[in-house]
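**Q** Reproduced below are the annotations present in Swiss-Prot:
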- 1-22: signal peptide (SIGNAL)
- 38-98: disulfide bond (DISULFID)
- 41-53: region 'No IgE-binding' (REGION)
- 52-87: disulfide bond (DISULFID)
- 68-81: region 'No IgE-binding' (REGION)
- 84-95: region 'No IgE-binding' (REGION)
- 88-133: disulfide bond (DISULFID)
- 97-105: region 'No IgE-binding' (REGION)
- 100-140: disulfide bond (DISULFID)
- 108-117: region 'IgE-binding' (REGION)
- 121-131: region 'No IgE-binding' (REGION)
- 132-141: region 'IgE-binding' (REGION)
């Protein structure tokens with residue numbers, strides 16, 4: 001029984017550490033090369049965009065750990081759907097170009113913070129957000145290449 005408690009605690013601590021990086025309550029806009037127009041849009045929509053972080057964190061981490069973290073931190077239990085709705089509000093209010101820049105910033109901010117497997121899953125989830133929000137296909141430009149989200 002003691003071993004189970006130790007393993008459960010260790011797993012929760014690992015999940016808490018990983019989720020912390022995915023759920024930063026703000027965006028580090030200083031390290032990214034975002035246009036001033038998009039920087040303004042991201043700052044204006046930041047409270048809703050943070051919900052995108054939470055949605056992705058809940059999706060890539062085991063929901064049980066995320067729920068436990070929410071309760072420990074006094075946030076109550078909020079559903080993935082609630083975070084997705086808030087995220088969609090922000091993405092629909094922003095110009096496509098700025099959504100693309102924000103998504104790139106999200107990926108850049110997580111590099112080196114989380115493991116490669118979680119990073120790949122997070123990127124996949126991030127690319128699926130526009131579709132989940134009912135936003136038509138977007139053209140994004142990165143490193144001289146065009147790609148569709």
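Placed from the backbone N, Cα and C atoms, the Cβ positions cover glycine too.
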**Q** Can you work out the mean pLDDT of the predicted model over the region 'No IgE-binding' (121-131)?
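**A** That region's mean pLDDT is 86.
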**Q** When the Cα-Cα distance from residue 87 (disulfide bond) is computed for each of the disulfide-bonded residues 100, 133, 140, which gives the smallest value?
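**A** Checking each of 100, 133, 140 against residue 87 (disulfide bond), the shortest Cα distance is to 133.
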**Q** Considering only the disulfide-bonded residues 38, 52, 98, 100, which residue has the minimal Cα-Cα separation from residue 88 (disulfide bond)?
**A** 52
**Q** Find the shortest Cα-Cα separation between residue 100 (disulfide bond) and the disulfide-bonded residues 38, 52, 133, and name the residue that gives it.
**A** 38
**Q** In whole Å, how far is residue 140 (disulfide bond) from residue 38 (disulfide bond) when you measure between their Cα atoms?
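**A** It is 14 Å, counting Cα to Cα.
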**Q** Taking the Cα atoms as reference points, how far is residue 98 (disulfide bond) from residue 52 (disulfide bond) in Å?
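**A** Spelling it out, the Cα of residue 98 (disulfide bond) and the Cα of residue 52 (disulfide bond) are 15 Å apart.
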